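Take a look at the structure below.
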């Protein structure tokens, strides 16, 4: 390290925050590769008496630097809180496990008794979980109360490793007469899916002391949701349940509602964007009406709930004196339904509690019926472990005996919700196929899958591939529904491949303009147009990681894309796993 760099580092360290037993290097942007780089950090640690909390967020720590920092921690037995989120930026994934192993060994040697461990926003994947597995099983974590692993890309494998480690920690600590009493568990955006969630649910059921569970955006469907619901029922102290942006369907909604009936301490329920639909919402409303005396927030936004079910939910919160927010935005109430909902809440003197309804999707008489069919399809898929077998079985189950080759499947009699009883009532309905314009107006994975294999042809036919702005619009709408679910992922990438292959092969298509406009809409490049950036970059980044590896992608665009994805940006920081994967791919082009 050059002398001027050392001087700069020393100046940065001089501003290090020291308060209440806490030593903070948070957000210093330190690049600690070697032992020499970490020399001043180590000095600060060694000279700090009574160190209880160490903040390393917002720096980047290499293997060698981690080893010497760990050595310094071996004498810090009073350390209780490790705030180590976002501290491997720019590191190869292979560097992270050995760095974590070293740090964990330092804590174990010190005889520390941790209360909080935060490793969020480190894109370490399943192998990274192996890096702190031994720490979790050790006496250093027998006292752990808060475990935060948000946005780490653990996947199913990492979820299973984590669950086993927590179970072992509980077993060992129980043998010493002081069972692990974990209170807060955070693991959003980790692609846990059903198997990972189910494994963790088993661990939660054994632990039994949870007060907060945050697991949004994990691709969990109703089998995983049901497993979690069963585990939550054995955790009577639960106050916060955040499963935002997973796919409950009605089956998961009903299962979770049954658990809510048994809990008395719950204050916050966040099931937004979970597709509980009307039947699930009515079941949850029943649980709210009969209990949950401390409820402060109920989020059922963007769940495909219709008017009558939404009114049932509103009526259920009438006696919740502590309620601060009811969010039913983004459902299918219609203008009249929104007015009725506001009137109901106003009649309870709770108008201020109701969140905005500005994104209501409008009343659609056929949408509920389509949703019922989606539930059946999703359940058929989830019953099989192999993705390819899932798709084949689903096709077979949907195929009626009279179906001929090349014909559309006949629409059977379906059920819609009886608004009075909340029970399904049989009706006959005519087919309501989804067309591309419907999908592009309100994109969702279900609508994309309903288009079937023809989506690739349709998107090419109905998009002006000579116009970069129109291609960007179609690209972002398809990418927005990207999920790790095999069928959704395949449908998204097939549609994107067809669109981009046609666009890049068009002689009048300006590739540079396309990338520029894409970066603007993603909020990575400023524009005089004052275009509002899309809300989430996860889908577009995951899709771009696929696109840049295809033969049709002009490799001359890679350096420009790399430059903007590398630049610091708040929107990118919330998608560190997807960003890391794309950067790795771009570096290798």
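Please read every residue number as a count from 1 along the shown chain.
Glycine residues also receive a Cβ, built from the backbone N, Cα and C atoms like all the rest.
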Looking at 138, 444, which is the one Swiss-Prot tags with phosphoserine?
444
429, 441, 507 - the residue Swiss-Prot records as phosphoserine:
441
Return the member of 437, 441, 444, 526 nearest to residue 564 (site 'Hydrophobic interaction with UBE2I') in space, with distance defined Cα to Cα and candidates limited to these recorded positions.
526
Spatially, which candidate from the recorded positions 437, 441, 444, 454, 526 is nearest to residue 358 (phosphoserine), comparing Cα atoms?
441
Long-range environment of the repeat 'LRR 3' (207-230) - Cβ separation under 8 angstroms, sequence gap at least 6:
150, 166, 170, 179-198, 200-201, 237-249, 251-252, 255-256, 258-259, 265, 270, 378-379, 382, 483-485, 538
Summarise the model's confidence over the repeat 'LRR 1' (48-71) as a mean pLDDT value.
96
Given the recorded positions 24, 301, 437, 441, 526, which one's Cα is the least distant from that of residue 454 (SUMO2 cross-link)?
437
Check residue 437 (phosphoserine) against DSSP and tell me helix, strand or coil, would you?
helix
Nearest-integer angstrom distance between the alpha carbons (Cα) of residue 279 (SUMO2 cross-link) and residue 301 (phosphoserine):
15
